[in-house]
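Structure, as structure tokens:
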Ligand SMILES: Cc1cc2nc3c(=O)[nH]c(=O)nc-3n(C[C@H](O)[C@H](O)[C@H](O)COP(=O)(O)OP(=O)(O)OC[C@H]3O[C@@H](n4cnc5c(N)ncnc54)[C@H](O)[C@@H]3O)c2cc1C
């Protein structure tokens, strides 16, 4: 892994740096580039704005590695609130939610996390939308995939996420590329050891293409989460090769990243979903976005030291 990337990912767990970022004069405006806001209102506003441009959304109430059951409950309540609002405002057809199991208690108690995820899925079904279970670091992959299998016994539409940087992922794709299965394919955002993950970008990209082929060939609904222009065009070409009609798969990108490309793909007739993070706990999320792209770091540091 690039040393700068490792350094930024280490800063993601550092409370002193977090405090400095949270109290810096311009931090909020920088955060706003990647995070829709802290409230349900802000999240719903972002969904409406995207829908006006023909873009779907997946809302992520920020939080991870929740340390106690009460905090996990607050996160569940935030999801239930936003689902109600999406339904009430006629936006459930435009937005689903993405949930991290560690946010709803995975590290405290896997049964608690599963129950909490159940409650969110039940609410989503009532509101007429879906849930995707985000994938976190490799120590949680097995637990996340077994929770997913459990949730899918009741709600087959629950979305999975697989990361092409993991060596195991081609096998996981083979298991999940089945009819009715919604699978998001991304490169992966965590610092992982070489025993479990490919180290070179090229190997991660090749793995992405192999997994994309398997998903397109299979009977499920693939969701290609990447901003990488080369991968977007390879996937579009492979989709045509496999006879996939538009709407039989989708592209996904993050809020604030390549927004022009998001709109362009939608105008061309592709289904595009934007992952929209919101909530108070934006720090870990922001650090991962900075680690992905040193150019973002320069932009961010300038804002951090600015007094105006
Ligand atoms: C919808 C969605 C959901 C995701 N869910 C998960 C998940 O559940 N688990 C997980 O581990 N990871 C998740 N990720 C993150 C993902 O794993 C990658 O870390 C992230 O998408 C960057 O990889 P990339 O494919 O965009 O390619 P990269 O190789 O990182 O980037 C390719 C190009 O995209 C542009 N770009 C990429 N990142 C940025 C940026 N931050 N700012 C500006 N431009 C940029 C640049 O032009 C860059 O050259 C998700 C990503 C998306 C889009």
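Just so you know, glycine gets a Cβ as well, placed from its N, Cα and C.
Remember, TrEMBL labels are computer predictions, not curated facts.
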In TrEMBL, 135, 187, 188, 189, 226, 227 are given as binding FAD, so which of 126, 163 is in that site too? 163
Of 100, 189, 226, the binding-site residues listed, which put a C-beta under 6 Å from ligand 1? Please answer none if none do. 189, 226
Mean pLDDT for the domain 'Proline dehydrogenase' (44-299), as a whole number? 95
Distance, residue 288 (substrate binding site) to residue 187 (FAD binding site) (CA atoms, angstrom): 13
In three-state DSSP terms, the structure that residue 163 (FAD binding site) belongs to: strand
Taking only the binding-site residues 100, 288, 289, which one has a CA atom nearest to the CA atom of residue 135 (FAD binding site)? 100
The rounded CA-CA distance in Å from residue 100 (substrate binding site) to residue 226 (FAD binding site) is 19
Quick note, residue 289 (substrate binding site) and residue 189 (FAD binding site): C-alpha atoms separated, nearest Å, by 8
